[in-house]
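According to Swiss-Prot, the protein carries these features:
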type	residues	note
REGION	1-25	region 'Disordered'
MOD_RES	A2	N-acetylalanine
MOD_RES	S3	phosphoserine
MOD_RES	S9	phosphoserine
BINDING	P32, Y34, E36, I63, D65, D118, A119, D120, R147, R234, K240	GDP-alpha-D-mannose binding site
BINDING	D120	Mg(2+) binding site
BINDING	D120	Mn(2+) binding site
Amino acid sequence: MASTGASRSLAASPRPPQGRSSRQDKYSVLLPTYNERENLPLIVWLLVKSFSESAINYEIIIIDDGSPDGTREVAEQLAEIYGPDRILLRPREKKLGLGTAYIHGIKHATGNYVIIMDADLSHHPKFIPEFIRKQKEGNFDIVSGTRYKGNGGVYGWDLKRKIISRGANFITQILLRPGASDLTGSFRLYRKEVLQKLIEKCVSKGYVFQMEMIVRARQMNYTIGEVPISFVDRVYGESKLGGNEIVSFLKGLLTLFATT
């Protein structure tokens, strides 16, 4: 269960205004979670704050993969606090991977735009209004957050991890020529119908799924805008990126190079 202090502060937050026009754009946030009980209350609070202050119509869909740490129970509390029309819990019984989590989540999305992001506070919701402005300005099909353009950056990583990340991104740029500066990032805004079509085409699982989405988007001539973001390493919990994920990334990169 979430801590008493966190629950009190969340409960004190005003509910977002209701009764918006059905013709207004609506944004569905997909939040896959696994062992994120410490991070989930704060990321949801930040999302609600950002959307409410900008008068943006939204819903937050939490896809929990059977977390043993009580993440699901925290999500249930958040739905009670903010309302089941704003916080939708759509859990799965076990850990099935990031790509299938998005497939599961989009089935329940009622917005005409879908935002995907990490639940571990690596992606700050303060950038979402800028994503939306960028999409409107260029009428883009996709807006992707980038760590490698403009004033974007990474914070909290040691030098070794930064070099690995930069190196991986450099290699993918050479091999795949994706038309985007940050191929491995996971903070994006999609038109819902575009995301649905891309999901149908993608075959990768896990973290490679994000990379394939941009590559397939280029193949299908979808337009991509970019917004520089600050990526901050998680404060609570453990990183999901391990040796198996790195091997999967390399295999996925070679597969995409051979098939695209």
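Each residue, glycine too, has its Cβ placed from N, Cα and C.
Here the C-alpha separation of R147 (GDP-alpha-D-mannose binding site) and the residue listed as 'Mg(2+) binding site' works out to 17 Å. Here the candidates are the binding-site residues P32, E36, D65. The one whose C-alpha lies nearest to that of the residue listed as 'Mg(2+) binding site' is E36.
Long-range neighbours of A119 (GDP-alpha-D-mannose binding site) (same chain, six or more residues apart, CB within less than 8 Å of its CB): L31, P32, T33, E36, N39, L40, I43, I62. Comparing the binding-site residues P32, D65 on other C-beta atoms within 10 angstroms of each C-beta gives the minimum for D65. DSSP assigns P32 (GDP-alpha-D-mannose binding site) to a strand in the three-state reduction. In the three-state DSSP scheme, A119 (GDP-alpha-D-mannose binding site) is classed as coil.
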